[in-house]
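**Student:** Sharing a structure below in structure tokens format, with a few things to ask.
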Amino acid sequence: MAENGTDCEQRRVGMAKEQNNGSFQDPSFLSDRKSRDREERQSIVLWRKPLITLQYFILEVLITLKDWSIRLWHRRMMVVSVLLLLAVLSVVYYIEGTHQQYVQYVEKKCLWCAYWVGLGILSSVGLGTGLHTFLLYLGPHIASVTIAAYECNSVNFPEPPYPDEIICPDEEGTEGAISLWTIISKVRLEACMWGAGTAIGELPPYFMARAARLSGVETDDEEYAEFEEMLEHAQTAQDFATRAKLAVQNLVQKVGFLGILACASIPNPLFDLAGITCGHFLVPFWTFFGATLIGKAIIKMHIQKLFVIITFSKHIVEQMVSLIGVIPSIGPSLQKPFQEYLEAQRKKLHHKEDSGAPQSENWLSWAFEKLVIIMVFYFILSIINSMAQSYAKRVQQRKLSVEKTK
């Protein structure tokens with residue numbers, strides 16, 4: 001009797017396990033489960049669940065630090081070599097001598113390049129939201145240089161305070177000496193570094209898709225899962241967005257280097273798909289990154305620079321301000337702050353340290369500064385939410401694995 005009872009219990013457990021495994025193998029069940037899990041993760045944000053979000057964020061940070069510590073330990077010889085190199089550079093940096101002028105020059109250029117590369121990476125990677133650093137930093141910088149160049153008739157701004165502050169040089173430039181190419185050359189370094197940063201930011205989708213294809217293991221990345229689903233239903237795609245994505249995928253897959261170059265050179269929101277496509281179809285790294293770097297850091301950046309420089313050239317700006325005044329009823333009142341802002345900028349360009357009281361701040365510049373602060377603050381919040389949701393995904397995957405083994 002006892003043996004029969006034991007056999008019945010084993011059969012009951014086995015049947016339950018088979019039924020459970022069958023549920024997990026059902027595509028509709030898995031799809032519904034993924035949808036529920038995704039909705040649950042998306043609800044973990046600071047303004048809905050602040051305590052859980054902060055807790056998950058801290059745990060995800062600790063896990064990330066642990067993973068990086070393990071990776072660095074496995075590459076300890078390289079870490080030691082880098083530390084020795086930094087020690088030698090520190091000695092060279094702090095020892096007095098005639099070489100200090102070159103050290104200061106290299107330090108200034110390296111920090112300047114690193115700043116713009118970092119902003120480019122932030123703009124490209126985004127971590128869930130994207131910090132549009134071209135609109136917030138590079139675009140206004142190019143616009144300021146353009147306005148200053150036409151006002152000063154020169155781009156030889158005193159260093160310092162340039163690039164932190166732009167003032168006209170002591171010697172007056174010749175009227176009409178400024179050309180489009182002069183301004184392009186002045187801002188070429190920072191623009192190319194920003195473009196290189198955006199190219200570097202496109203690498204994570206490429207490496208993720210490539211690793212998933214080579215390993216044959218189903219990835220947990222939602223964008224890659226959507227890409228595979230799009231390929232499966234390519235023949236039945238009806239909506240414009242899906243057809244546009246398929247067009248980008250076909251261009252990159254069939255044309256190769258030139259197709260990637262074309263996608264990277266033209267501002268478009270679908271280039272992330274190009275990185276996933278290249279990784280999925282095992283496009284060589286240097287083919288993908290080389291085309292992306294040339295397209296974003298050279299071709300696309302020159303297009304964007306030309307647009308900003310032409311838009312903020314002296315006669316265009318004056319025409320735009322005059323056109324604002326033509327707007328019925330609100331035109332004159334709306335035109336006044338723009339005129340005051342431009343006049344304040346002209347005075348600031350000719351302002352010297354010993355020229356009296358500082359200039360009063362215009363409300364347009366004040367509003368733009370507050371907009372930048374709000375955007376950066378929102379970006380930080382999005383990072384916290386994104387990392388908290390990443391930890392929630394770990395918890396869901398762990399729970400799913402336990403359920404599969406029952």
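Just so it is clear, glycine is given a Cβ too, placed from its N, Cα and C backbone atoms.
From Swiss-Prot, for reference:
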TOPO_DOM  1-49  topological domain 'Cytoplasmic'
COMPBIAS  18-28  compositional bias 'Polar residues'
TRANSMEM  50-70  transmembrane segment
TOPO_DOM  71-76  topological domain 'Extracellular'
TRANSMEM  77-97  transmembrane segment
TOPO_DOM  98-110  topological domain 'Cytoplasmic'
TRANSMEM  111-131  transmembrane segment
TOPO_DOM  132-250  topological domain 'Extracellular'
REGION    173-316  region 'VTT domain'
TRANSMEM  251-271  transmembrane segment
TRANSMEM  274-294  transmembrane segment
TOPO_DOM  295-306  topological domain 'Extracellular'
TRANSMEM  307-327  transmembrane segment
TOPO_DOM  328-363  topological domain 'Cytoplasmic'
TRANSMEM  364-384  transmembrane segment
TOPO_DOM  385-406  topological domain 'Extracellular'
**Student:** Ranking 50-70, 77-97, 274-294 by the number of C-beta pairs under 8 Å to the transmembrane segment (364-384), which range is first?
**Tutor:** 50-70
**Student:** Taking all residues of the topological domain 'Cytoplasmic' (328-363) together, what is their mean pLDDT?
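**Tutor:** The average pLDDT of the model in the topological domain 'Cytoplasmic' (328-363) works out to 65.
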**Student:** Counting by DSSP, what is the helix, strand and coil composition of the topological domain 'Extracellular' (295-306)?
**Tutor:** 12 helix, 0 strand, 0 coil
**Student:** Same chain only, please: residues at least 6 beyond the ends of the topological domain 'Extracellular' (295-306) with a C-beta under 8 Å from a C-beta of the stretch. Say none if there are none.
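**Tutor:** Hits for the topological domain 'Extracellular' (295-306): 134, 139, 142, 180, 184, 187, 191-196, 198-199, 202, 260-267.
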**Student:** With a Cβ cut-off under 8 Å, give me the same-chain residues at least six positions beyond the ends of the topological domain 'Cytoplasmic' (98-110) that come close to it.
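**Tutor:** Apart from its flanks, the topological domain 'Cytoplasmic' (98-110) reaches 92.
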**Student:** Given a Cβ distance threshold of under 8 angstroms, which distant residues of the chain, six or more beyond its ends, lie next to the topological domain 'Extracellular' (71-76)?
**Tutor:** none
**Student:** What is the number of residues in the topological domain 'Extracellular' (71-76) that are helix, strand and coil, as DSSP sees it?
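**Tutor:** The composition, in the requested order, is 5 helix, 0 strand, 1 coil.
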